[in-house]
Amino acid sequence: MPEGPEIRRAADNLEAAIKGKPLTDVWFAFAQLKPYESQLTGQLVTRIETRGKALLTHFSNGLTLYSHNQLYGVWRVIDTGEIPQTTRILRVRLQTADKTILLYSASDIEMLTAEQLTTHPFLQRVGPDVLDARLTPEEVKARLLSPRFCNRQFSGLLLDQAFLAGLGNYLRVEILWQVGLTGQHKAKDLNEAQLNALSHALLDIPRLSYTTRGQADENKHHGALFRFKVFHRDGEACERCGGIIEKTTLSSRPFYWCPHCQK
C-alpha cells in the first residue's frame, strides 16, 4: 500500500491537472453518488487534501469527495477525450476542458458536507499527518509520551494511523534505523536524547521521501523514492556500522534492521 509521501505526490499530480478549472463532466459508478454529478458539473476543484492515506477533493460549492485507495485503488490523469487501456474498474471521473482525473478500483468513496467532514469515522480516528508542515517535533514528542501511545511498542505504533497519519512499513523501517532503535522499544523507556531524535525522524524521513522523489540526488532510489538505508537491503552492509542488514517480521509486516547498531 502506498504511504503518505506517495499519496501526497499523487494529490499534487491531480491538483496540477484540474485545480481551479470548471468541471465539464462528472461521473460516479456508485448509485448513491449519482445525484452529485449534476451538482458538481460547472464547479471547481479548490484543493486536494491528504489525511494519511485518504484523499479529500474539495469543491467550490462546499462539498468534499472522500476517497481511500486501500490496497487496489489508483488515481490517473489523462487528456480529456483519451480512452485509457486498462482492465481496472472505473469509479470516479472528474473532467475539465483539457484534463480528466480518474479513480479506479477503490470502493471507499463518499461525498461529504463540511459538517460531515468533522464527524467522519476515519477522519475522526486518524492522527496528525506527518506531511502537514504545521506539525512540529514537539507535538510529535507529546503524542509519543501521551498515555494513549507511550506504552506501545514501535513495531505496531508506527503503523497505526491513529498515532501519525501517513506512516507505513518502509517509513517505519527507515525511521527506526535512523535513530538506532529496534521495534520492541516503547516511548516511555527512552531517554530525552532518544525521544528528541525519534520525534524529529518521524517528520524528517517522510518529508525527505516526499521532497526528493524522482530528483537526481543522493537520496534517489531507483527514480521512485529516496534511497533506502535498510528497507529491502537484507544481506547488505549497513552504511553506518558495516554490520549485515537482516530481515524479520514485526506486526505481521517485513522488517529490515541492523542488529549491530539498532539496540
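Backbone N, Cα and C define each Cβ position, glycine as well.
What Swiss-Prot records for P2 is active site, schiff-base intermediate with DNA, and it gives sequence analysis as the kind of evidence. Annotation comment: Swiss-Prot describes E3, K53, R253 as active site, proton donor, evidence class sequence analysis. Among the features that Swiss-Prot reports, DNA binding site is placed at Q70, R125, N169. Annotation source Swiss-Prot lists zinc finger at 229-263.
Shown here: features listed in Swiss-Prot, placed on the structure.
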residue: P2; record: active site, schiff-base intermediate with DNA; CB count, 10 Å: 16
residue: E3; record: active site, proton donor; CB count, 10 Å: 21
residue: K53; record: active site, proton donor; CB count, 10 Å: 23
residue: Q70; record: DNA binding site; CB count, 10 Å: 13
residue: R125; record: DNA binding site; CB count, 10 Å: 12
residue: N169; record: DNA binding site; CB count, 10 Å: 18
residue: R253; record: active site, proton donor; CB count, 10 Å: 15
Exercise for review: Mind checking which residues of the chain, 6+ beyond the ends of the zinc finger (229-263), have their Cβ under 8 Å from one of its Cβ atoms?
Suggested key: 155-156, 159, 169-170, 172-174, 176-178, 180-183
Check your understanding: What is the pLDDT of the zinc finger (229-263) when averaged and given as a whole number?
Key -> 95
Review point. Which ones are near K53 (active site, proton donor): of the recorded positions P2, R125, N169, R253, which have a Cα within 10 Å?
Key: P2
Review point. Which recorded positions (R125, N169, R253) fall within 10 Å of E3 (active site, proton donor) by Cα distance?
Key: N169
Revision key, fill the gap. R125 (DNA binding site) to P2 (active site, schiff-base intermediate with DNA), Cα to Cα, whole Å, comes out at 19
Practice item. Translate the DSSP assignment of K53 (active site, proton donor) into the three-state scheme. Key: coil
Review point. Any idea what DSSP makes of R253 (active site, proton donor), helix, strand or coil?
Key: strand
Check your understanding: Measuring Cα to Cα, how many angstrom lie between the residue listed as 'active site, schiff-base intermediate with DNA' and Q70 (DNA binding site)?
Key -> 9
**Study point:** Taking residues Q70, R125, N169, which bind DNA in the record, the widest Cα spacing (Å, whole number)
**Key:** 19
